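First the structure, in the form of structure tokens, and then the observations on it.
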Amino acid sequence: MALGKRRKVRMFVLFCIATLTTVLVSYNLRDPSVYFFKFAFRLSDNLFARGPCACGQCMTEMDDDPWFTERFNQSIHPLMSRENSALSDETFKWWQTAFLTGLDGVRVSYISSTQKVLEGQKTPRGSFRTIAALVESGPGAAAPSQGLSLLCHQWLQSERQPANFSGVVEELFQVIPDEVLYMDASPERCRTCAVVGNSGNLKGSQYGRLIDSSDFIIRMNQAPTSGFEDDVGTRTTHHIMYPESAKDLDNGTSLVLIPFKTLDLQWIISALTTGAIKHTYVPVMSRIKANKDKVVIYSPTFFKYVYESWLDGHGRYPSTGFLSLLLAIHICDKVSVFGFGADHYGNWHHYWEENSLAGAFRHTGVHDGDYEYNVTLLLADKHKIQMFKGR
């Protein structure tokens with residue numbers, strides 16, 4: 001009985017060998033072993049192929065999601081250098097116009113807010129940090145809305161005749177390094193990044209250690225860490241700002257300037273050298289403490305790409321938070337997002353504020369906060385980012 005089973009097994013093995021030999025010979029009559037080894041090596045490559053990065057899951061994958069692939073354009077570098085600084089006429093016009101129309105939206109929101117103050121109603125505290133400066137510096141301080149209107153009008157008129165852009169860029173790269181950074185993606189790299197927003201949902205989150213464990217930690221605008229270390233961490237590798245939200249940085253942090261206008265490029269030159277520029281459309285820091293060798297500039301071309309490809313033209317222009325997120329998506333292999341969206345009560349405010357009403361400016365029409373947040377959630381659903389929603 002056992003002998004019969006062994007014979008059947010031998011016959012089956014011989015049949016398999018004969019079949020495989022026949023297949024190999026049919027593919028290559030001269031040297032069937034050549035095809036066999038080619039097939040074996042190809043199978044090995046497929047089984048043990050390295051991905052686009054060394055992380056468990058990479059930002060881009062061989063078989064990627066169509067929605068993501070349609071939007072993600074790795075050829076557009078997020079940071080400016082001499083090499084990519086030239087703007088097309090279309091991009092330059094959009095860049096200038098988007099901010100000018102957006103500023104008008106801020107002005108309308110400001111007027112609405114100051115009207116509430118005059119009527120004795122509550123108004124968001126801290127959502128527009130220069131609000132007091134606007135009231136005090138406006139020509140019509142007794143009538144804040146009229147003062148701001150005139151101030152904005154005067155500034156808008158001057159910005160419609162901006163300085164020569166290419167000349168400003170040339171001067172800029174005489175002050176800061178002209179380098180092409182973070183284009184080092186490879187199967188050996190696993191760059192982890194934490195994008196830390198300013199939402200009140202960070203309060204009590206205890207995310208501090210997790211945030212600090214990332215390679216790059218990107219914060220934006222004011223983003224204080226002192227006193228909030230347990231929830232937001234202590235480290236910052238990249239701090240994103242614009243002149244009206246500027247703050248001093250330590251020597252090890254990269255300043256990432258988002259320029260909304262040509263004057264912003266002139267401001268960073270001035271703030272790192274002479275301190276001559278003290279106003280844009282509001283008073284700004286004339287000098288800033290930052291390491292000149294670590295200053296980088298967000299590209300207006302990338303700015304427009306984010307607006308058109310990722311936001312489908314919603315809002316007047318993207319928010320600082322969304323621009324920060326897309327920067328991370330393009331320079332990192334694994335992105336974790338903290339401090340975006342409302343807290344668990346549905347309030348939009350900053351983690352350092354007690355006032356939960358401080359997010360009213362989300363509805364100005366300058367940014368489409370709801371659309372941006374929905375895109376962020378979709379990125380999380382597609383496992384392109386990991387989102388930590390806090391408390």
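Glycine residues also receive a Cβ, built from the backbone N, Cα and C atoms like all the rest.
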Of the candidates C190, C193, the one sharing a disulfide with C332 in TrEMBL: C193
Site of maximum Cβ density within 10 Å, from disulfide-bonded residues C193, C332: C332
DSSP state at C193 (disulfide bond), helix/strand/coil: strand
